[in-house]
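Scroll down for the structure; my scribbles are underneath it.
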Amino acid sequence: MAGSVNKVILVGNLGADPEIRRLNSGDMVANLRIATSESWRDRQTGERKDRTEWHSVVIFNENLAKVAEQYLKKGAKVYIEGALQTRKWQDQNGNDRYSKEIVLQKFRGELQMLDSRSEGGEGRSFGGGGNRNQMSDYSGGGGDFGSSGPSSGSSGGFSRDLDDEIPF
C-alpha cells in the first residue's frame, strides 16, 4: 500500500454566511459551517427520524475563499472536498481544546456550488489545484476562479457541451 488517505467529501447546506478574515500574512481565509442530514424510519415505531451533523470547514485557498465570499450565502447547497485536521487551541482558562475541521489547503481541495445561479440549473465547480484537469465551470459562463494552473480552455479532452447526443 502506498501510504494513507485523508480525504473528506461533504454535500450539505451552509448554516450561515461564510465568515471571511485575513491572516497576519494578508492571506484570505473563509470559515464555513455546513450541515449534513440523514433520515431513516424507526423499525419499532415506524416513525421518521432525522439527524443533522454540523461540520466546520476552513478554506485557505485564496481563490476559493473569494468564491465563498462572493457567491455563498446561508442555506446554499455545496459540495466540499478537503482533508480532516485537528486544531489545538486554548480556552479562556488556559485549558487545551481540540477542534476537528475539514480544511481546503492552498493547492488542494474543491468547492462546488450545487444551487442553480443560472437558468440551466447547473452548479459551478471550483478546484484548488493539484495535478488533475477538471471542469471549472459547468455552466459555460463565468471564470475559472479556483484554477491554479494555466488550463485556460482545455478540460482534459472532454467537451464542455454537456448536451451532446449519446450515440447509443
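Glycine residues also receive a Cβ, built from the backbone N, Cα and C atoms like all the rest.
Feature annotations, courtesy of Swiss-Prot:
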DNA_BIND  54-60  DNA-binding region
COMPBIAS  147-159  compositional bias 'Low complexity'
DOMAIN    5-111  domain 'SSB'
REGION    113-168  region 'Disordered'
MOTIF     163-168  motif 'Important for interaction with partner proteins'
- prompt: What same-chain residues lie close to the DNA-binding region (54-60): Cβ under 8 Å, and 6 or more beyond its ends?
  reply: 10, 12, 15, 27, 29-36, 68, 80, 82, 99-106, 109, 111
Query: Looking only at the domain 'SSB' (5-111), what are its DSSP counts of helix, strand and coil residues?
result: 10 helix, 62 strand, 35 coil
